[in-house]
Amino acid sequence: MDPAIILFVFIFVSVCFCLLIFLSAYRVFSGGSERNEYSFLGSEILGSEVPREFLNDEEALNHLASEYDFTHLSPEEQFSYLRGEEFTKTNPPNFHNTRGKSYSNEDDMLLKERGINAFEFEQDADILRGRYIVADKTEINFHNNDTPYSTATSILNYSLPVKNRAYSDTVYFEVKVFEFQNGSENPNGHFAIGLVTKPYPSDFRLPGYNNFSIAYESTGNLKINKPFPTPLQQHQGDNSQYNALVLPPLQQSDIVGFGYVVSTGTLFITRNGKKVMDVMRGCFIDLYPAVGCFSSNAKFQVNLGQLGFVWIEANVRKYGFVSNSDYKKIKGEQGLAALPEYGNSSVAEGDKLLEMGEELPPRYPEDELDFFGRSSKDILKVGSSSKSQNKTKSFSNNEKQDLEEINGEPKVAEEHRSSLITDDPEEVMDLRERLYEQNITGPVSELSSERAPLIGNNESQSEFYVNAKSATSSREGNTETDLKQVTDEEPNSSQELTKAAQNDSNISKTSRTKKKKKNKKNSKKNKKK
């Protein structure tokens, strides 16, 4: 081999080896040296992404118990603490549900269909002695929770929606303290607003007291997985050493907001429309909004994005759970698709639903018949445009039969129908009306006067019906010719109109006499047979 190649390979391997040694030394001596930086639990510890600093082991809990004088607590508070620790051991938090893994496929489909209406706070499990009621999905009313040591917490049914938020990487919600009595009447009244993991002992613990949870308490304390100080320890007056007062105390009409940045796992708190502080970073577990009360009745209203936020930045950047108004800001599979904007022409051009409306015009019902037994399609008014005259549509056979049954007319060819109506004088219109009535009622009265033979052969009956049909056809022909003559000549005097009427009556009399003669001959033939 060429010695130059061997030398090049040796130099390359030595450089790579030196780089590996340098990187390993940097990770050992420099990694995580900053005290303010949060470290993460690796796969060897619970396999989750939770800040190690806020997790309490048994040694830390014993230290907290001794620090806050656990032995001098009331029996109820001691029992609540021991019961909470037992619940955590038997039902540990599911730290594997990270970055939206708590959502199943069915949950994702439900959020697509219902949007923000899919979120609601869970009702109290004890229906008979319920301590709170959830109204309108996001209004929580604690009404039977004013007894000593009574504790209850309501949790949202779904965790924070952190998936498929490409353009809005922050989830935010606000809670308004609608009603809360605090003072001499209720000195131990206490509530907490925050985030918890499931399962959580909501029947007897407030948010922030068990792993893993965080809460903003009404006394101003910030609780992160710490069972101490207890609520009663925080109500020992202004000189109490347990009131840290990290945050401003909460009262009625205050609005508390919690935000979560999906990309960095940062949790922050707002109060009355102003950002207060960032609580932690690097928390990627699925958290559920929760509201709890201790020995007090209160009413809370939670805003998940269905209304405008008090914190203006959340409105501008669309930090709500699911955006219904601006789907483009929160792109992805979750959320409701925006309805077509009918007022915007640029949007309507590319909308397939609106384009189909032009291709498929609606079918309106047929117009009603006028006094003369014709629809508006058969009438051609003088002065109408040529376009409207050309727009004539043929009726189907069923429609023709229905019209003929309604009018009581026999079938007449459409060529013989008069479709032109002009501004004729009243005398001509009266004549038209009389002729039309005679045309309708005449054949019926004649046929009814000449009854069909009750007893006879089939030939005699057929001859009778043939004669009746010929009589009606001749009658129709005569009346139509007379009507055409009247409309063409347009008589200007009443004398001409009376003459036309007399001629018509004479014609009808002659036709009747002819029919009677024919019928008599036919009856004589039948008798001879």
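Quick reminder: no glycine exception, Cβ is built from N, Cα and C everywhere.
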Annotated residue, N-linked glycosylation site, per Swiss-Prot; candidates N145, N506: N506
In the chain carrying N157 (N-linked glycosylation site), residues 6 or more apart in sequence that have Cβ under 8 angstroms from it: F119, E120, F121, E122
C-alpha spacing of N182 (N-linked glycosylation site) relative to N439 (N-linked glycosylation site), in angstrom: 93
Those residues of the chain, 6+ apart, with a Cβ under 8 Å from that of N182 (N-linked glycosylation site): G189, S218, Q251, Q252, S296
Largest tally of Cβ atoms lying within 10 Å of a Cβ, found at which of the glycosylation sites N211, N439: N211
